[in-house]
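Going by TrEMBL, these are the annotated features:
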| type | residues | note |
| --- | --- | --- |
| DOMAIN | 6-244 | domain 'Ammonium transporter AmtB-like' |
| TRANSMEM | 14-35 | transmembrane segment |
| TRANSMEM | 42-64 | transmembrane segment |
| TRANSMEM | 76-97 | transmembrane segment |
| TRANSMEM | 109-130 | transmembrane segment |
| TRANSMEM | 142-166 | transmembrane segment |
| TRANSMEM | 173-191 | transmembrane segment |
| TRANSMEM | 197-215 | transmembrane segment |
Amino acid sequence: MGKDSLSGTIPESVFMTFQMTFAIITPALICGAVADRMKFSALLLFLSAWVLVVYAPITHWVWGGGFLSDAGVLDFAGGTVVHINSGIAGLVAALVLGRRHNYGTENMAPHNLVLSVIGASLLWVGWFGFNAGSAVAADGAAGMAMAVTQICTATAALTWMFVEWLVLKKPSVLGIISGAVAGLVAITPASGFVDPMGALFIGIAAGLVCFFASVKLKHMLGYDDSLDVFGIHGVGGIVGAILT
């Protein structure tokens, strides 16, 4: 690795570090699906192996000129590589490990919604770095990626709120921030390819589909996904990939 530019826009070292953040955040998402059910040492071993055996090959299939890229798969900032990948891995891990103790008999919703809102807000702001940064330049493409990210996220948050209001008879703060994250996930593969109107429709679809995946499908199938990693990241990534 040297100081040579990548495509005449950024140094190779910057691109390497940027991609390293994707490789770090993807396995971290899996942790949310198996919270309270794995020893720390086992988790470290699993995540290290998963990055090498699963994440790295899929990344090269989609972004490295692999067969999925050649087949026409579009993934601007990680809808498939990060979110579908980690969402399905989280679902499988949750199924293998089984449910937490007292699951279904105790209320296991987050007990501090203030911290949840702060965390979602940090995600919302930080997501601009992933999506706009994937343009690998400070140009119009990066600006549009930021704009559609904002539109889709806000739309998904509102959609989740209204659907929850209609189905469960009252909205919730947790639902609104879950919808926002679903919108962030769904716009990730599309952020470099769609216009604001497209982002609006993706946000509506993400809020609607991810709500039913997280609230209804999870209880219907009986699996214990602590932070709805599959319902929000896996399903949201699939929605975004299909609509891109």
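Cβ coordinates come from backbone N, Cα and C, glycine included.
Among residues of the same chain six or more beyond the transmembrane segment (142-166), those with a C-beta under 8 A of the stretch's C-beta atoms are 76-77, 124, 127-128, 131-135, 172, 175-180, 182-184, 186-187, 190-192, 194-196, 198-200, 202-204, 206-208, 210-211, 215. For the transmembrane segment (42-64), same-chain residues at least 6 beyond its ends with a Cβ under 8 Å from one of its own Cβ atoms are 22-23, 26-27, 30-31, 34, 73, 75, 80-81, 85, 89, 93. For the transmembrane segment (197-215), the list of distant contacts is 147-149, 151-160, 163-164, 167-168, 175, 178-179, 182-183, 185-187, 190, 228, 230-232, 235-236, 239-240, 243: same-chain residues at least six beyond its ends, Cβ to Cβ under 8 Å.
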